[in-house]
Amino acid sequence: MKIKNICCLGAGYVGGPTMSVIALKCPEIKVTVVDLNESRIAAWNEENLDNLPVYEPGLAEVVNEARGRNLFFSTDVDSAIEAADMIFIAVNTPTKNYGEGKGMAADLKFVELCARQIARIAKSDKIIVEKSTLPVRTAETLQTILDHTGNGYKFEVLSNPEFLAEGTAINDLLNADRVLIGGKQTESGQKAIQSLVDIYANWLSPKQILTTNVWSSELSKLTANAFLAQRISSINALSALCEATEADVDEVAAAIGTDSRIGSKFLKASVGFGGSCFQKDILNLVYLCRYFNLPEVANYWEQIIILNDYQKYRFAKKIITSLFNTVSGKKITFLGWAFKKDTNDTRESASIYVAEHLIEDGAEIHVYDPKVSEQKIKADMRYLWEEKGLTDQKIESKLKQIFVYQSPLEAAHQAHAIAVLTEWDEFKTYDWNSIYINMYKPAFVFDGRNILDAEKLASIGFQIKGIGKG
Ligand SMILES: NC(=O)C1=CN([C@@H]2O[C@H](COP(=O)(O)OP(=O)(O)OC[C@H]3O[C@@H](n4cnc5c(N)ncnc54)[C@H](O)[C@@H]3O)[C@@H](O)[C@H]2O)C=CC1
Ligand SMILES: O=C(O)[C@H]1O[C@H](OP(=O)(O)OP(=O)(O)OC[C@H]2O[C@@H](n3ccc(=O)[nH]c3=O)[C@H](O)[C@@H]2O)[C@H](O)[C@@H](O)[C@@H]1O
């Protein structure tokens, strides 16, 4: 079946960029991205492309070309569902923060609502594509809801997990290592798979398009994220040993990375990984393993999260101990708040947890991030403290310890220490001499990303401490 009309439920970091690229590459297909969040849709429709809700290099150009031609953003979910032959579900699947599986399982309520809405609205057969990251066997749940609450039409459920990374999303979509499509082994299942293959074949080669059964596809997504995060926790674990032994973690990573069986990518020691997915997906995997009575397997994967929490805590503790065992009343400058460079996303960013530890010890946190607003930074901290059950009064008082700047020099003025939390390229280009002159001495720099020229900074007079540097 040749697809003419696509609808995507969820206009977030995945729905927005993926559908923009599909629209760009398939001008004959009408693509409508819908969301319940009116302000998000309004931002996608903003004339000024600087105000798109997602910051991604190259995204504005893609949106500019396709929007209004065959790419549309709307809050009219029902009409978009009705008109579509193929519906992508790209809604959020956060960790459950209530009830059964709290703190571990994926919360599928938004996905379930989508299925119920599709079933209620559909007036023709449709292909439903899981784009959100979901626990293995969710397709079964979706199929059951669709078949039992629908109006007698046929729904084929496919799994098509997304592997893009934020900050490089457009390039990842245009030049994907692979796309993965899982479907039923029945004749209609294979036809549905082919319809989706045909879409990606507009710009990817057959070698880049993998097809599997539904369950392998669903599980491959959680597995890919677990393997990626495992590499970071592995190198971060070694970074602690490097600091104790005067080995240099970057040298160790480069040395092992030359072994083609290990590979050099994703071995950058850091203050700890963040982002909306690694932690959530691994917790989900751990929950699934426990559910299937595999405690040893669950404990194995859980260690990645435990180590990541330790790494964030270790970084904060190093700042406190280096500053003579207290940061009370001291000004600590944070360069970066986003969970990685080239994104405005801050979900689960290490900066949030490091800030919390330091504020607990009485520090003032002065933040500069090129893409993250003051409102967002404060909302992140408020959310964390609300989750911990702090009173509103206590939260308001703690928020007074956070200051946000438009300029890095102002943020660092009269600081006791600077902590690099995100690897933004611009941090490397600063006039570090002027920064040094205007800081309290000894002037400390804690490079949580190992991006600065440590020798140069040391020669200026800084006390520089990287991750995994002896
Ligand atoms: N952020 C990323 O880089 C990646 C995310 N994923 C997965 O993709 C999924 C979406 O992630 P993000 O885009 O980051 O989330 P997001 O939170 O940025 O976007 C999800 C959007 O769905 C909307 N939504 C919720 N229920 C809806 C409904 N019933 N109808 C219409 N819209 C609805 C929300 O308002 C929100 O705007 C998650 O499962 C995530 O694990 C997968 C690969 C990469
Ligand atoms: O499912 C998802 O959401 C996505 O999760 C990650 O993408 P993302 O979280 O956007 O970004 P990454 O580049 O993976 O970085 C994640 C975190 O790990 C950190 N990181 C990454 C690499 C590294 O070597 N060291 C390191 O500390 C980053 O700074 C960041 O905080 C995966 O890379 C994507 O393939 C996947 O689609």
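Residue numbers in this text run from 1 along the chain shown.
From the backbone N, Cα and C atoms, a Cβ is placed for every residue, glycine too.
Automated prediction, rather than curation, is the source of TrEMBL annotations.
Copied over from TrEMBL:
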type	residues	note
ACT_SITE	Cys277	active site, nucleophile
BINDING	10-15, Asp35, Arg40, 91-95, 132-133, Glu166, 277-280, Arg347	NAD(+) binding site
BINDING	162-166, 221-225, Arg261, 268-274, 339-340, Arg449	substrate binding site
DOMAIN	333-454	domain 'UDP-glucose/GDP-mannose dehydrogenase C-terminal'
For this session: Provide the three-state DSSP residue tally for the domain 'UDP-glucose/GDP-mannose dehydrogenase C-terminal' (333-454): helix first, then strand, then coil.
Result: 50 helix, 20 strand, 52 coil
Seminar exercise, completed: Whole-Å Cα distance, Gly272 (substrate binding site) to Gln279 (NAD(+) binding site), is 11
For this session: Give the residue from the recorded positions Ala165, Leu222, Ala269, Cys277 that has the most other Cβ atoms within 10 Å of its Cβ, counting over every protein chain displayed.
Result: Ala269
Seminar exercise, completed: Checking the recorded positions Tyr13, Thr95, Leu222, Asn225, Cys277, Gln279 against ligand 2, those whose Cβ falls under 6 Å of one of its atoms come out as Asn225, Cys277
Exercise. In terms of DSSP three-state secondary structure, what is the assignment for Thr95 (NAD(+) binding site)?
Worked result: strand
Exercise. In angstrom units, rounded to an integer, how far apart are the Cα atoms of Asp35 (NAD(+) binding site) and Glu162 (substrate binding site)?
Worked result: 18
Seminar exercise, completed: Here the Cα-Cα span from Gly10 (NAD(+) binding site) to Glu162 (substrate binding site), rounded to a whole number of angstrom, reaches 14
Seminar exercise, completed: Note: in the chain of Asn92 (NAD(+) binding site), residues six or more apart in sequence with C-beta under 8 angstroms of its C-beta are Gly10, Gly12, Phe110, Ser132, Ser276
Seminar exercise, completed: For Cys277 (active site, nucleophile) and Glu166 (NAD(+) binding site), the CA-to-CA distance in whole Å is 11
Exercise. Using a Cβ-Cβ cut-off under 8 angstroms and a sequence gap of six or more, which residues of the chain neighbour Glu166 (NAD(+) binding site)?
Worked result: Tyr13, Glu56, Gly275, Phe339, Lys340, Asp342, Thr343, Asp345
For this session: Only counting partners 6 or more residues apart, tell me which same-chain residues put their Cβ under 8 Å from the Cβ of Asn225 (substrate binding site).
Result: Thr133, Cys277, Phe278, Asp281, Ile282
For this session: Would you count the other CB atoms within 10 A of the CB of Asp35 (NAD(+) binding site), including those on all shown protein chains?
Result: 23
Problem set entry | Neighbourhood of Glu162 (substrate binding site) by C-beta distance under 8 A, where only residues 6 or more apart in the same chain count | Val14, Thr18, Ala90, Lys131, Thr133, Lys221
For this session: Identify which of the following binding-site residues, namely Asp35, Asn225, Gln279, place a Cβ less than 6 Å away from any atom of ligand 1, and list them by sequence position.
Result: Asp35
For this session: Compare the C-alpha of Thr95 (NAD(+) binding site) with the C-alpha of each of the binding-site residues Ala165, Leu222, Ala269, and give the closest one.
Result: Leu222
Exercise. For Asn225 (substrate binding site), what is the secondary structure by DSSP, using just helix, strand and coil?
Worked result: helix
